[in-house]
Amino acid sequence: MLWHLVRKEVACAKCLYFAATTFPCKLGSWAASSTTGGDLETSESSSSGAERFLIRRKNILCKSFDGSGTGLHVLDLIDRGCLLPSRSIYHSLLIRCAHLRKLEEGRIVHAHVVNSEFKHDVYMMNTVVNMYAKCGSLEDARVVFEEMPERDVVSWTALIMGYSQHGQSKKAIFLLPEMLRSGVQPNHFTLSIILKASGTGACKSKSHGWQLHAFSLKMGHHADVFVGTALLDMYARCGQVEEARVVFDGLVSKNEVSWNALIAAHVRKGEGEHAFRLLHNMLRENIEPTEFTYSSVFRALASIGSLEQGKWVHARMIKSDTQLIAFVGNTLLDMYANFDSLVKRDVVSWNSMLSGFAQHGLGEMVLKRFEQMLRMGIRPNGITFLCVLTACSHSGLLDEGLFYFDEMKKYRLEPEIYHYVAIVDLLGRAGLLDQADKFIRQMPMEPTAAVWGALLGACRMYKNEKLGAYAAERIFEIDPRDSGPHMLLYNIYATAGRWNNAAKVRKMMKESRVKKEPACSWVEIENQVHTFVADDHAHPMREEIHKMWETISEKIKGIGYTPDTSHVLLFVDQQEREIKLQYHSEKLALAFALLSTPPASTIRIKKNIRICGDCHTAFKFVSNVLGREIVVRDINRFHHFHNGLCSCGDYW
């Protein structure tokens, strides 16, 4: 008996020695609590002593010193009687496991809790559910949740958050009616998580969103800044920007997250100007932009080619001491080559740079940089190869594109649908329409509208009516509401002079209520955007603009420009065709820019659809005659016109 007492005393001495070396200067109060039987949770002296140090120290999850322990030394101290168990000790251990995603250690703590007086404690079991959820073990979280004799709003919220954070949005949302049936009412935090889940993955739905919005109103949580922000983010992710704006305007209190959500909504919608305007409004409200704000705005300005505004935002970010971290730097790369200033170059940074080169028609540069990336040991991902394949497609690099498509296997990357779209586009642009059609039929997955759209675009380019009509029919089956394929098929028939067939396409569009997006071009002069449509008579300078283009047209005709009237898709005579051709929106935008900018400056024009073939030819002649660089950003890419040439090499 004496020997057992001596062994216990020695064991406690070892424990106290560990405490003294691990938590210096705090041993006295810990030892006093342990030896006198004082409760560490409730003892005022100990609350400022050893336990507080335990919670703060990084080695709280220190392993057992020998194989006979529990696996964690702190739990060994409890088992040996050197430390009394308490809610705060278990809570600290579980929170640390959740934070570090230490699932095995979390299981050990859970097992210890089950054998303690806290096994039915709601607060403690909520922490266990949270730990399993954070560690990604949702099955364990659900089991613990189901076995709880009592559940409160925190219990339900912890499980809902677990499902939401691990991509199981449906399960997260379906827990809400279960929660209500159990008699537990969600709080603002629960609602904000469910709203976030409803805006992701397969859960995106107008009806879902409206029901949750109505429920938030009924519960009186809609005015809460967190619920309101989650509501507007949900609408934004579902593509309902107008509804998101209504929610935003109704928020009594707006924070940077609210502004970021609305800005990101306009960026996703392709409304770069709105996003930039919101940044100005945000600054006027004295809300300081975050890294997420700058990243969204850079992406917006990159999409519309607004270089000067991008420089201003970049300068504003530097002035505010916001660090150029990777994801912000990646969006900067979409605007201009600022690669060397990134704090860290990762695969996303490289992808952004490759994408930027590809958009500007620098296919050879993309391949050169890609090989450099491989030499530096950066492993490419699916997006990397998409950038490479797109560059090959837009630059006519057929053999290289097919080679890199096969190279994906080397990196154990299975091609996704967008890689197949790129290859169809590559073959189609090269004129290999039958080979592209065969490639589609051999795909291991069902072709999407984008796949058939790539083939249809190539059929228009090479005037293949039969295959074009077949591709268009496949698209109509998949996405009958898209006006793009209808117009491409109309263009194929109109170019071939098949006006009866073209009229049938127009009739089909009318019956299906499919509306063509009107073509427009715009330029920005002194922070003011000027927009033009074909045959535009609304601009106050319309007479000067038309006269300017007539003057330019005569000059370029003198050095070889001949209007290509095949691009006028109307059943009119040749003279009227040529007149219609001269007043396309991009030509009017160019004429206005020539009137409004200094002689040597670069002209930047944006266009919402693909640049017209005749306008493309005319712009090359204008750049040569006037010695001006003209940059056109159409829906697909940038065209740099300089000295009579275009960066795309007439391959776009």
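Residue numbers in this text run from 1 along the chain shown.
Every residue, even glycine, has its Cβ placed from backbone N, Cα and C.
All annotation found in TrEMBL is predicted automatically rather than curated by experts.
Source: prediction; values computed, not measured.
Annotated repeat 'PPR' per TrEMBL: 121-151, 152-186, 255-289, 346-380, 381-415, in sequence order. Marked as domain 'DYW' by TrEMBL: 560-652.
Across the repeat 'PPR' (121-151), the model assigns an average pLDDT of 95. With helix defined as DSSP H, G or I and strand as E or B, the repeat 'PPR' (121-151) counts 23 helix, 0 strand, 8 coil. Outside the repeat 'PPR' (121-151), and at least 6 residues removed from its termini, the chain residues within Cβ reach (under 8 Å) are 87, 90-91, 94-95, 97-99, 101-103, 106-107, 109-110, 113, 158-159, 161-163, 165-166, 168, 182, 184. DSSP assignment over the repeat 'PPR' (346-380) gives 26 helix, 0 strand, 9 coil. Counted with DSSP, the repeat 'PPR' (381-415) comes out as 28 helix, 0 strand, 7 coil. Taken residue by residue, the repeat 'PPR' (255-289) breaks down under DSSP into 26 helix, 0 strand, 9 coil. In the repeat 'PPR' (152-186), helix, strand and coil residues by DSSP number 26 helix, 0 strand, 9 coil.
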